[in-house]
């Protein structure tokens with residue numbers, strides 16, 4: 001920043017966008033290979049290269065922001081807009097899944113027995129594990145807000161405690177969801193009900209895993225004193241993402257579990 005006359009961060013050439021794109025190609029190709037030929041080699045390679053890319057790319061960003069001071073208020077504003085646009089794109093993703101669900105359920109075809117849930121499908125009880133999952137995610141929304149307020153007030157210990165509680169609740173949610181999938185009386189191949197249920201809830205579950213990873217990174221960064229009350233966009237972005245995951249689950253619960261059953 002010493003030799004610059006502007007507040008913008010001119011990033012150095014980086015290999016990570018290229019390796020990230022290649023890992024995404026490997027993952028999608030690997031997923032196809034897994035589904036059709038039961039081979040997980042490409043998928044494993046794709047996931048490994050993706051994890052390595054993410055680690056090294058985020059390491060570079062942390063170095064530039066925390067240790068080199070490149071993330072000025074103008075740069076942070078750009079990152080905020082980027083995160084907002086990313087969350088909007090995710091909203092549109094889920095809109096597609098809800099559209100597929102309501103398109104199929106509001107006008108069930110004769111092939112489905114003219115009813116919803118389709119003939120032969122035994123839906124999950126919305127007042128059992130799904131309701132517990134809802135309360136777990138709502139509680140995690142409260143604890144992430146507590147963490148944010150603690151950070152703004154400079155209370156590091158409370159922030160770490162609240163963040164740990166949020167991560168624990170996220171992991172608990174994932175385990176509950178996995179057990180629900182394991183015990184579900186229908187599969188993803190059980191027609192349009194199975195496919196819409198597992199794709200929508202599974203995609204949300206993937207977001208919970210991503211959000212939990214995001215928060216774990218924030219937890220370890222805070223252990224190393226990376227965040228201050230006026231410079232903590234990494235944590236703020238994680239909190240926004242977590243609230244988004246919360247809200248999507250409420251819509252999933254009301255639509256697919258409660259109304260759809």
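Along the chain as shown, residues are numbered 1 onward.
Backbone N, Cα and C atoms are what each Cβ position is placed from, and that goes for glycine too.
Feature annotation from Swiss-Prot assigns topological domain 'Mitochondrial matrix' to 1-15 (among others); the stated evidence is similarity to another entry.
Annotation source Swiss-Prot lists transmembrane segment at 16-34 (among others). Sequence-distant contacts of the transmembrane segment (16-34), counting only residues of its own chain at least 6 positions beyond either end whose CB sits under 8 Å from a CB of the stretch, comprise 40-47, 49-50, 52-54, 56-57, 60.
The topological domain 'Mitochondrial intermembrane' annotation in Swiss-Prot covers 35-40 (among others), and the record cites similarity to another entry as its basis. Panel annotation: around the topological domain 'Mitochondrial intermembrane' (35-40), no residue of the same chain lying at least six beyond its termini places a Cβ under 8 Å from a Cβ of the stretch (none).
The annotation transmembrane segment is assigned in Swiss-Prot to 41-66 (among others) on the grounds of similarity to another entry. Beyond its flanks by at least six residues, the transmembrane segment (41-66) meets 9, 11, 14, 16, 19-20, 22-31, 33-34, 217, 221, 226, 233-234 of its own chain at Cβ-Cβ distances under 8 Å.
When pLDDT is averaged over the topological domain 'Mitochondrial matrix' (67-72), the result is 88. Taken from Swiss-Prot, the feature topological domain 'Mitochondrial matrix' covers 67-72 (among others), and the record attributes it to similarity to another entry.
Sequence annotations record features per position, and here Swiss-Prot assigns transmembrane segment to 73-105 (among others).
Under the heading topological domain 'Mitochondrial intermembrane', Swiss-Prot lists 106-128 (among others). Note on the topological domain 'Mitochondrial intermembrane' (106-128): residues 180, 184-186, 190-194, 253, 257-258, 260-261 of its chain, located 6 or more positions outside it, place their CB under 8 angstroms from a CB of the stretch.
Swiss-Prot lists 129-152 (among others) with the feature transmembrane segment. When Cβ-Cβ distances below 8 Å are used as the criterion, the transmembrane segment (129-152) is approached by residues 158-159, 162-163, 165-166, 169-170, 172-173, 176-177, 179-180, 208, 215, 222, 227, 229, 232, 235-236, 239, 242-243, 245-246, 249-250, 253, 257-258 of the same chain, each at least six residues removed from its ends.
Sequence-distant contacts of the transmembrane segment (156-183) (same chain, at least 6 residues past either end, Cβ-Cβ under 8 Å): 124, 129-130, 132-133, 136-137, 139-140, 143-144, 146-147, 150, 198, 201-202, 205, 208-209, 211-212, 215-216, 218-219, 222-223, 225, 227, 242. Among the features that Swiss-Prot reports, transmembrane segment is placed at 156-183 (among others).
Here Swiss-Prot flags 184-190 (among others) as topological domain 'Mitochondrial intermembrane'.
Taken from Swiss-Prot, the feature transmembrane segment covers 191-223 (among others).
In the topological domain 'Mitochondrial matrix' (224-232), the DSSP tally of helix, strand and coil residues is 0 helix, 2 strand, 7 coil. Swiss-Prot lists 224-232 (among others) with the feature topological domain 'Mitochondrial matrix', giving similarity to another entry as the kind of evidence.
Sequence-distant contacts of the transmembrane segment (233-256) (same chain, six or more residues past either end, CB-CB distance under 8 Å): 62, 65, 71, 76, 79-80, 83-84, 87, 90-91, 94, 98, 101-102, 126, 130-131, 133-134, 137-138, 140-141, 144-145, 147-148, 151, 166, 170, 196-197, 200-201, 204, 207-208, 210-211, 214-215, 217-218, 221-222, 226-227. Look at Swiss-Prot and you will find 233-256 (among others) tagged as transmembrane segment.
Sequence annotations record features per position, and here Swiss-Prot assigns topological domain 'Mitochondrial intermembrane' to 257-261 (among others).
Under 8 Å from some Cβ of the topological domain 'Mitochondrial intermembrane' (184-190) lie the Cβ atoms of residues 121-122, 124, 197-199, all in the same chain and six or more residues away from its ends.
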